[in-house]
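Participant: The structure that follows is given in the form of structure tokens.
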Amino acid sequence: MATHQQTQPPSDFPALADENSQIPEATKPANEVQQATIAQDPPTSVFKNSEPIREDQIQNAIKFLSHPRVRGSPVIHRRSFLERKGLTKEEIDEAFRRVPDPPPSSQTTVTTSQDGQQAVSTVQPQAMQPVVAAPAPLIVTPQAAFLSRFRWYHAILAVGVLAASGAGTAVFIKRSLIPRFKSWVQRIMLEEETDPLKKADAKPSLAEEAVAAAKAASAAASDVARVSQEMMITKNEERKYFEDLTHLLGVQVQEMKSLSNNIRKLEGQSNNIPKIYSADQEVYNGSVTTARKPYTNGSNVDYDTRSARSASPPAAPADSSAPPHPKSYMDIMSMIQRGEKPSNIREINDMPPNPNQPLSDPRIAPKSKPWDYGQAPQDESSNGQWWQQKNPRSTDFGYETTTAARFTANQNETSTMEPAAFQRQRSWVPPQPPPVAMAEAVEAIRRPKPQAKIDQEAAASDGQSGVSDELQKITKFSESGGDGSGGIKIAEIQEETEQQHISQEGN
């Protein structure tokens, strides 16, 4: 530890020397430590990187250390401050080397005035301040002594006192203050209720208004809920009525559909009565002429053929989406509208025959008529007229009936009833029919129906047993040739048919 050498002041200032000798011993070691840290330079380390010293930072540190207030502060505080500012240890040491701390003897300065008078001024450094803080441990000692005298039973006693005081306070509030407060509130409420003037003049409070508004809102909500519930019930009833109405309408529509279907069936059955057709049937002006069906016994029974029903089911209604004519027909019609002539169509002479034209001598035998089937070929002179002879080709159509005999009887009967002019008109022989324009149509007409379609018709006719029975009766009657009770049987058939019509309409 370095020793501090005091410079002896001149003999002219004995008092100053005495004052310096009276410096407290506590401050001397501090100054000695400060000067020792400045005098002793730390040895440079071999492993430490040598960095260049920043002159500007050193100048700032010198200015900081040269400040009079900073000079009295401890060296440790000054070093830590400079380190926080970013100065290295070498720079701090260099700054302290350039600005050394003044020795303690330099704290006493002598000033000489111009007039020769001397004035002694003593500057007390800030390093003397820690000497005042020396009696601080004397203050802490009484507190430690007081704490040492505090015991655990003191804490228990304090807790007991606090608990007793709290319990007493609670009992006092419960038995004295609360009953008085309640009685005071009740008295005020009774005064307000018994005073009618105040009650009449007093305006409702916000709470009362809120309660009244809430009651009104709840009443309105209940009314709305009741009205909405009634509306829902009414709507449900209306929906039920509407569903019942739609159901009744649907039932009526179904009945109307069934009635229309029955009417169509009846119309189809009346139009599909079995008749005897051939390819050589005579057609004039779009109307087919057929004679009444006589019977071999000479009886001429005229009955309504529409009263009988056909065994075949009515034709299925055509699909509305399908075109009314095939594509080939539409193509031909479009070609005709454009003025083109189709390749497979021949022009036909459809001019009406000349009634004044004399009859030509036929070179070939006339074609047989439908009623000539079933007769043996005989000579015209011996067997009557030519239309009564049987054509050998009649078996091609599959019809072998006794209509020739019936027609003969009918001819004999009607010849006496018809006038002479009508008989002369019937004696006219029509010309030959025009050639067939579409052979495919004739072939389709003559071609028998496929077995699948026949099965479908048979299945559809199972539900029409009554109609089939009537047709069987009519067929048997026609095959028997008609006996004496023919008129009675036909009348019975007509009555049964009318009864079935009435029963279907009732359903």
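The backbone N, Cα and C atoms fix where each Cβ goes, glycine too.
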Participant: Pick from 58-65, 138-145, 330-337: which range does Swiss-Prot record as region 'Involved in interaction with PEX5'?
Facilitator: 58-65
Participant: For the feature region 'Involved in interaction with PEX5' as recorded in Swiss-Prot, pick the matching range from 78-97, 98-117.
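Facilitator: Going through 78-97, 98-117 one by one, Swiss-Prot gives region 'Involved in interaction with PEX5' for 78-97.
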Participant: What does the DSSP secondary structure composition of the region 'Involved in interaction with PEX5' (78-97) look like, as residue counts for helix, strand and coil?
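Facilitator: Counting residues by DSSP class gives 16 helix, 0 strand, 4 coil.
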Participant: Which value does the mean pLDDT take for the topological domain 'Cytoplasmic' (174-507) in this predicted structure?
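Facilitator: Value for the topological domain 'Cytoplasmic' (174-507), mean pLDDT as a whole number: 66.
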